[in-house]
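Peer 1: Please see the structure below; I have some questions.
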């Protein structure tokens with residue numbers, strides 16, 4: 001299920017645009033995630049009290065966490081599938097400390113694609129969307145495999 005060199009190039013090209021505003025993109029991704037899947041908000045003690053989109057938009061903590069999420073994801077994407085060293089601590093913390101189910105990683109992957117589609121419609125066509133989808137699936141599958149090793153049934 002690996003990606004071709006051309007597919008990785010499409011992923012990294014669009015990710016270059018994301019890196020121009022990691023905090024803004026991250027904030028939009030998290031807000032979109034919480035709106036589409038409100039149950040995911042319960043996993044974030046820091047944000048559970050944010051009930052409205054306006055409260056979410058004005059939360060510096062949410063913006064900061066969005067930046068952290070997309071920074072970590074960018075580091076993983078740049079490894080072009082050779083990301084075992086980066087996946088291990090992420091899987092460890094998400095399985096044992098945060099207890100984030102793989103399903104929630106699917107949700108955020110879908111949201112990332114939707115946000116990129118909305119922001120970069122001209123540069124994020126069907127081929128680029130397909131490549132990003134494959135890259136995010138590879139990431140999720142590798143996280144899920146680590147979860148299994150750790151005995152987490154998420």
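Residue numbering: from 1, along the chain as shown.
Yeah, the Cβs are placed from backbone N, Cα and C, and that goes for glycine too.
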Peer 1: Could you let me know which of 109, 133 shows up in Swiss-Prot as phosphoserine?
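Peer 2: Candidates were 109, 133; Swiss-Prot attaches phosphoserine to 133.
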Peer 1: Sort out the sequence-distant neighbours of residue 121 (phosphoserine) for me: same chain, 6+ apart, CB within less than 8 Å of its CB, listed by position.
Peer 2: none
Peer 1: Need one number: mean pLDDT over the domain 'Globin' (2-148).
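Peer 2: Across the domain 'Globin' (2-148), the average pLDDT comes out at 96.
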Peer 1: Just to confirm: which same-chain residues, 6+ apart in sequence, have a Cβ under 8 Å from the Cβ of residue 133 (phosphoserine)?
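Peer 2: Expected: 109, 113.
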Peer 1: To the nearest Å, how far is the Cα of residue 32 (phosphoserine) from the Cα of residue 94 (heme b binding site)?
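Peer 2: Computed Cα spacing between residue 32 (phosphoserine) and residue 94 (heme b binding site) is 20 Å.
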Peer 1: Distance between residue 94 (heme b binding site) and residue 68 (phosphothreonine) at the Cα atoms, whole Å?
Peer 2: 14
